[in-house]
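Trainee: Sharing the feature lines straight out of Swiss-Prot:
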type: TRANSMEM; residues: 28-48; note: transmembrane segment
type: TRANSMEM; residues: 55-75; note: transmembrane segment
type: TRANSMEM; residues: 103-123; note: transmembrane segment
type: TRANSMEM; residues: 147-167; note: transmembrane segment
type: TRANSMEM; residues: 175-195; note: transmembrane segment
type: TRANSMEM; residues: 219-239; note: transmembrane segment
type: TRANSMEM; residues: 241-261; note: transmembrane segment
type: TRANSMEM; residues: 275-295; note: transmembrane segment
Amino acid sequence: MYTALLQSMNRLHPRAWDFIQLVRLDRPIGIYLLLWPTLWAVWIAADGSPSLKHVLIFTCGVILMRSAGCVINDFADRNFDGHVARTRQRPLATGRIRTREAWALFAVLVALSFGLVLLTDPFTVALSFGALAVASLYPFMKRYTHLPQLVLGAAYSWGIPMAFTAATGRLPLEAWLIFAANLAWTVAYDTYYAMTDREDDLKIGVKSTAILFGAADRAIILALQGLTLGLLLVVGMRLGLGPYFHLGLLVAALCFAWEFVTTRRREPQACFRAFLHNHWAGLAILVGLILDYGI
């Protein structure tokens with residue numbers, strides 16, 4: 001139904017679907033994976049009572065910046081995507097969208113995002129430039145390092161300190177603990193994602209943690225997910241969070257265990273399902289937080 005609704009946008013413009021695919025609105029998993037930890041920070045920074053203004057700013061900002069990130073990613077990969085089965089039909093790879101059109105869309109998305117951050121405070125505005133820099137850098141890192149997922153982790157975690165500065169004007173230790181937890185989690189789930197393309201990436205020279213970790217990939221992913229839960233547990237202890245938060249962490253742990261078991265044969269589709277499944281872990285933690293503060 002959601003996809004059909006997006007495809008109906010072609011009635012407004014014959015190329016609408018191409019641009020929807022470019023910004024991945026047809027695949028909202030990236031929005032979820034970026035949104036849940038950002039909202040963890042929004043709730044914790046506001047001691048469980050965030051303003052509607054901040055919830056809307058960060059939710060809309062996530063959607064816009066994730067879309068901008070997809071555009072710059074596809075621009076960077078336009079000469080590689082045609083050689084990978086999963087990506088060869090992307091609009092820039094096929095030429096359905098021209099590079100100058102992609103750059104124009106990227107500029108519009110970034111401008112809209114900046115308009116949102118201007119509704120906060122100078123400290124948060126200053127941090128937003130770092131967010132743009134890291135998000136723009138990530139797509140090019142896979143050419144030079146086996147750790148592009150680490151840069152993606154920083155990009156996907158940048159909204160966390162911004163949420164704290166917007167709500168409190170400062171960056172307490174909890175902000176950095178959540179940042180580190182989310183960075184570890186992002187590296188973990190994006191390694192599952194990279195495992196789906198590992199054979200193609202080896203052929204074309206694209207680097208990733210999936211290639212770097214080799215046969216230890218699943219064990220390292222599980223360790224990173226354990227680190228995520230451990231750091232969040234420390235946050236919970238420091239803030240005196242209660243049983244609902246810990247229940248959310250338990251549900252997340254069960255999600256991680258399921259992913260570990262189902263990827264034992266490293267089949268690409270199983271790895272991709274494990275990647276998708278991670279958003280349920282993030283949502284469980286958010287629901288636990290909201291319930292813990294609200295009850």
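The first residue you see is number 1, and the count goes up from there.
Cβ atoms here come from the backbone N, Cα and C positions, even for glycine.
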Trainee: Cβ under 8 Å, sequence separation of at least 6 from the ends of the transmembrane segment (55-75): give me the contacting residues as numbers and ranges.
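Mentor: Long-range Cβ neighbours of the transmembrane segment (55-75): 22-25, 30-31, 34-35, 38-39, 42, 81, 90-93, 99, 102-103, 105-106, 109-110, 112-113, 116-117, 119-120, 131, 135-136, 138-139, 155, 159, 162-163, 166.
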Trainee: When you scan the chain for residues with a C-beta under 8 Å from the transmembrane segment (275-295), skipping those not six or more beyond its ends, what do you find?
Mentor: 29, 32-33, 36-37, 39-40, 43-44, 47-49, 185, 188-190, 192-193, 196, 232, 241-249, 251-252, 255-256, 258-259
Trainee: Other than its close neighbours in sequence, what residues sit by the transmembrane segment (147-167), given a CB gap under 8 Å and a spacing of at least six beyond its ends?
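Mentor: Sequence-remote neighbours of the transmembrane segment (147-167) are 33-34, 37-38, 40-42, 45-46, 50, 54, 57-58, 61-62, 69, 117, 120-121, 123-124, 127-128, 130-131, 134-135, 137-138, 141, 174-176, 178-179, 182-187, 190-191, 194, 207-209, 212.
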Trainee: At a C-beta cut-off of under 8 Å, are there same-chain residues at least 6 beyond the transmembrane segment (175-195) that contact it? List them, or none.
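Mentor: Sequence-remote neighbours of the transmembrane segment (175-195) are 33, 37, 40-41, 44-45, 149-150, 152-154, 156-157, 160-161, 164, 201, 208-211, 213, 217, 220-222, 224-225, 227-229, 231-232, 234-235, 238, 259, 263, 266, 268, 271-272, 274-275, 278, 281-282.
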Trainee: Taking a Cβ cut-off under 8 Å, which residues six or more beyond the ends of the transmembrane segment (219-239) line up next to it in the same chain?
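Mentor: Non-local partners: 44, 173-174, 177-178, 180-182, 184-185, 187-189, 191-192, 209, 213, 245-246, 249, 252-253, 256, 259-260, 285.
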